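Taken verbatim from TrEMBL:
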| type | residues | note |
| --- | --- | --- |
| ACT_SITE | Asp235 | active site, 4-aspartylphosphate intermediate |
| BINDING | Asp235, Thr237, Asp672, Asp676 | Mg(2+) binding site |
| BINDING | Asp235, Lys236, Thr237, Glu352, Phe399, Lys422, Arg456, Thr537, Gly538, Asp539, Arg646, Lys652, Asn675, Asp676 | ATP binding site |
| COMPBIAS | 280-290 | compositional bias 'Basic and acidic residues' |
| DOMAIN | 698-948 | domain 'P-type ATPase C-terminal' |
| REGION | 270-296 | region 'Disordered' |
| TRANSMEM | 111-133 | transmembrane segment |
| TRANSMEM | 166-187 | transmembrane segment |
| TRANSMEM | 733-750 | transmembrane segment |
| TRANSMEM | 762-783 | transmembrane segment |
| TRANSMEM | 812-834 | transmembrane segment |
| TRANSMEM | 854-873 | transmembrane segment |
| TRANSMEM | 880-899 | transmembrane segment |
| TRANSMEM | 919-939 | transmembrane segment |
Amino acid sequence: MNLDGETNLKLKQALEVTSFLHEDSNFFDFKALVKCEDPNANLYSFIGSMEFEEQQYPLSPQQLLLRDSKLRNTEYIYGAVVFTGYDTKVIQNSTDPPSKRSKIEKKMDKIIYFLFCVLFLMAFVGSILFGIATEDDLENGRSKRWYLRPDDSTVFFDPKQAPLAAFLHFLTAMMLYGYFIPISLYVSIEIVKVLQTIFINKDIHMYYEEADKPAHARTSNLNEELGQVNTILSDKTGTLTCNSMEFIKCSVAGTAYGRGVTEVERAMDGRDGSPLVNEKANEHKKDSTDSKSPVKGFNFKDERIMNGNWVNEPHAEVIQKFFRLLAICHTAIPEVDEETGKVSYEAESPDEAAFVIAARELGFEFYKRTQTSISLHELDPVSGNRVERSCKLLNVLEFNSSRKRMSVIIRDEEGKIFILCKGADSVMFGRLAKNGREFEEETREHVNEYADAGLRTLLLAYREVGEEEYKEFNEKFNEAKNSVSADRETLIDEVADNIERDLTLLGATAVEDKLQNGVPNCIDKLAQAGIKIWVLTGDKMETAINIGFACSLLRQGMKQIIINLESPQIQALERAGDKAAISKASKESVLSQITEGKAQLTSSSGGSDAFALIIDGKSLTYALEDNMNKMFLDLAIRCASVICCRSSPKQKALVTRLVKSGTGRTTLAIGDGANDVGMLQEADIGVGISGVEGMQAVMSSDVAIAQFRYLERLLLVHGHWCYRRISSMICYFFYKNITFGFTLFLYEAYASFSGQPAYNDWFLSLYNVFFSSIPVVAMGIFAQDVSSRYCLKFPLLYQEGVQNVLFSWRRILGWMLNGFCSALIIFFFCTKALELQAFNNDGQTAGRDILGGTMYTCIVWVVNLQIALAVSYFTFVQHVVIWGSIAIWYLFLLAYGAMSPTTSTTAYKLLIEDLAPAASFWFVTLVVVISTLIPYFLYSAIQMRFFPMYHEMIQWIRHDGQSNDPEYCAMMRQKSLRPTSVGFTARLAARTK
């Protein structure tokens, strides 16, 4: 394991010159000098040399063991530490994790600022009115407000110091009206979000039993953001596909072998209507039922070369060299089971493992590797017996993204030296000798067919190397490896480039990276939900396009806007090597293609044509530049699907940043490998897939899932629920606090802004703790507008979150207005009902304590019944907390009133002696509560009946029993299909037109 997070083994080995150092005693006289590069963050290169016995030996990443690595197949090592502390790669690569907050949280901050301004305005207006009233309080030397005892006051009601009294009142009012600001909201939301993440983690429908991996929400900050995703940016390999490569076809000596049918071919069969693939599929199915149990990484079926039958083929010698090359040209490590004798392999990539397994299954078993040799078991075509072959490993020319090939130089048992090379067709065809192109035409045709079938292809070639040529190469190669300069890799590549020429073509391999289960269905549902899906992949364009067809991101009849730099003019400039001219011509070409694409979209505007944008990595480099990125984004967001091919990790992150900042909408990135980390951290939400590429993507993500298909439930169900719950919870919080706080202001105005609160101090303190907050927390945890089945059945419901209809300023201000109206009704109905008349049979009139108790009781009833009206899915817990909150108020009033007068103050025996015995208290409570709830009830009834939102329409379907009517449901779902949609449902819809 390495810092890049990939689980595939990396081959690490000491220099051959130090291989004798096995014991502590060997190190008594050992002296060596290591020279290396300065500390840096690059994981894949190391430039250094070791001087030992007056000889220079090159050091490469193969000799560097990074901190946190885990050793396999080795009991112990001796080593010298070159980097420590902050100089280590792990520290050099560490970055501060991005701070992510949801858009709802940011908007909530703005609402708090707005309410603070309202609070300031209320306190300011109140203090001015109080100052005016205080200044005019004296009339003929007597105080109008004698009951306030201004003569007994130092400043507060002194007419002679009215401005100072007004300022002090302003401070008092700021504290008194502070209940407008729902401070407990932040605590409540954190509690709710943590419990929501538990629901996500425990969802059995997102549990991947095969790998024993449940979903894991690694942060609770972004739950509601899952319900507002507008664009998904997805990796392909390991995300849409399994990253479990299977050797399925090959072309050897111009003959195509392998009868397997890929998923892409099945999709192409569906789009072309050809029966040929179906016939091949049935034939393949028949073969697979008759054969032995399948081997992981090997899905090859062809009786012509299996079971040793290759010896009877016309080009048996070429086939032997082809599979021998597969068994030798790699860096895999064999592991032999001592009990069964079976050989398994640990390889740096799934592709490489598939090649070695294919060679083993076809009779060329690689079983032993040392530092200087490779050993095989293979079939001798002359004797027909299984024989051992061993070759000396002279050099390994490693694969990298610029070379796009890998070679090994070996000396066989006869003493001959060969270079064995495998690489991408784009670089290999140009390295063939004139007499080594015998099968070029047929192989090129087969490679194109394999790419069309969505397969990953490599060409295999070799040549014999003379002793003198090798000696000259080895000297230059060691000299380049011993270089400690920054251009060491360039020097090595130049030396390798000279020997990897004049090769003889053997054939080509084709491996399949299968689509994960459920990917087409998931993409279809997400597309129906109105979510745009972009694919960012490092694969070549043909493979990416065909995977796009297989998962229904592309469809027949969809117009493709392809942007690349394959024009003859640019290719001529590349051969000339003029970098400035290449850059200028490339910019102009990309700009021209983007402009042309926008013109195509404009000319077809208003029509039903769907467009797909496909761009390669070279073009993307220029499209992302400051003077062109806005044009590129404008073109991309108008297309139904976007595929970026040959994208580097940095380009993936830059595209994500462009979409996020350019659209202002929520973006979600999903990937499984270390090369997706930048993209995951840049997006609003990063989803890591815990697949075979290790845990680097998962550790950098916000949510981890095991398969791409679980994204459907994560967004359409949990995302929608979390968005709705948090939105409703925040709106309701503002409502209940405004209802409570505004009654304080109205009482202040009624009492000449005297600064006297309407309620007892403990009533004020416990309102947001026991009497109103628990039901809203329950709503944030359990509320559902529709069930999960309906969320998945009607994906367009998700657009409520994307368009933010449940947390728009209109809805927020509507809830605030409801709070102000509720406060007005409660205050004026209570004051008018209780003033100037006997409150009970004893003739007692209502004082401040009775009025405050009555109003408070009405508020507790109203805010709790309001939430009962707003909830459309009741659970036992919600019943308990709603009715329990009301009951707790009466129990508290009873217990608090039973305490001594010094403790309970104005609430002393308030319920027992004043409120409960008076029939008017119960009657006023009933009338006021009903009157306060009527406006909201009427508004909700009219809106749901005549102007229903999408979730309310679904509720009507369920209520009327039409949920099982296929025609009615199809009509509802049609609203989510647009002419530019992707997915197989949209494909079928396009066909029927």
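Numbering starts at 1 and runs along the chain as it is shown here.
Even glycines carry a Cβ here, placed using N, Cα and C.
With a cut-off of 8 Å between Cβ atoms, the residues of this chain six or more beyond the transmembrane segment (762-783) that come close are 179, 182-184, 188-189, 191-192, 195-196, 721, 724-726, 728-729, 732-733, 736-737, 740, 852, 856, 859-860, 863-864, 867, 870-873, 875, 877-878, 881-882, 884-885, 888-889, 892, 896, 907. Panel annotation: around the transmembrane segment (880-899), residues 762, 766, 770-772, 774-775, 777-778, 853, 856-857, 860-861, 864-865, 867-868, 907-912, 915 of the same chain, lying at least six beyond its termini, place a Cβ under 8 Å from a Cβ of the stretch.
When the recorded positions Asp235, Phe399, Arg456, Gly538, Arg646 are ranked by how far their Cα is from the Cα of Asp676 (Mg(2+) binding site), Asp235 comes first. Listed in sequence order, the recorded positions from Asp235, Gly538, Arg646 having a Cα within 10 Å of the Cα of Asp672 (Mg(2+) binding site) are Asp235. The shortest Cα-Cα distance between Thr237 (Mg(2+) binding site) and any of the binding-site residues Phe399, Arg456, Gly538, Arg646 is the one to Gly538.
Residue pair Arg646 (ATP binding site) / Asp235 (active site, 4-aspartylphosphate intermediate) shows a Cα separation of 11 Å. Shown are the recorded positions Asp235, Asp672, Asp676; the one with the most C-beta atoms within 10 angstroms of its own C-beta is Asp676. Within 10 Å of the Cβ of Phe399 (ATP binding site) there are 19 other Cβ atoms, across all protein chains. Listed binding-site residues near Asp235 (active site, 4-aspartylphosphate intermediate): Gly538 (candidates Phe399, Arg456, Gly538; Cα-Cα distance within 10 Å).
Over all protein chains present, the Cβ of Arg456 (ATP binding site) has 20 other Cβ atoms lying within 10 Å.
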